[in-house]
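K.L.:
Got a structure here, written out as structure tokens. Questions coming.
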Amino acid sequence: MQRTWKQHSTLKLLTNIQQSKQAEVRNTCEMAEVKLLGAWGSPFSRRVEMALKLKGVEYEYIEEDLANKSPLLLEHNPIHKKVPVLLHNGKTLAESLVILEYIDETWKSNPILPEDPYDKAMARFWAKFIDEKCIPAIWQIMWSKENEREKALEEAIQNLKTLENELKDKKFFGGETIGLVDIVANFVGFWLGAVEEATGMELVNKERFPVLCKWIDEYVNCSVVKENLPPRDKLIAFLRPRFSASSWKY
């Protein structure tokens, strides 16, 4: 009996030590220096900022001139040479979707991914759908020749309809709170409107996308989103010279 009690006490002590060490590691990780290399007009950089602010993580923001990339950016993202880049605890991460998942796993408060494995997988699916289908299709409208523009518009509309169907009757893609898909959809929520104004194109309106437009209103009026959006006038002025200002309506 005495031996059993001693074994139990030793096991309990070892468990407490292990838990203490794990907590120490977590605290060290969370307090480590966090830096973000980004660009003011990049929706991809703004995604990362939004996630960090949702988590309450303090970070140093370093603005990059993408026309004259810094040695720091080239050192830490030699493969893609683009923003965003997250520096944390001596580690470097590139690509916004990768960074967002890292942030969610590192800082546990205000999770942006669901706990349920299936729901988590589906959130990743829709995030990839936005990056691989929705955004490229929208840019294709801008760069396509006039005789190819109608086809590009049809593809963009179909992709946005698919995205809208995923919203259904939810306030956000994440339910009642902003989640991964909402953060990744910031291009649709804000940048697309600036692109439309800069180009004269009309793609998203309440008649065509009533549910998506309702989400956009909720999204841009959410405080954490508002804080992480570039000035609209500045963004439009930046975009306008890059596109012909013809009137594109469909």
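In case you wondered, yes, glycine gets a Cβ from its N, Cα and C as well.
All TrEMBL annotations are machine predictions without curation.
Heads up, here are the entries from TrEMBL:
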type   : residues : note
COILED : 146-173  : coiled coil
DOMAIN : 32-111   : domain 'GST N-terminal'
DOMAIN : 116-243  : domain 'GST C-terminal'
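Quick one: how deep are these features, and who are their neighbours?
P.N.:
Model confidence over the domain 'GST C-terminal' (116-243) stands at 95, taken as the mean pLDDT rounded to a whole number.
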K.L.:
The coiled coil (146-173): which same-chain residues, six or more beyond its ends, come within Cβ distance under 8 Å?
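P.N.:
Same-chain contacts beyond the ends: 123, 126, 129-130, 133-134, 137-138, 140, 179, 181-182, 185, 188, 203-204, 208-209, 211-212, 215, 218-219, 248, 250.
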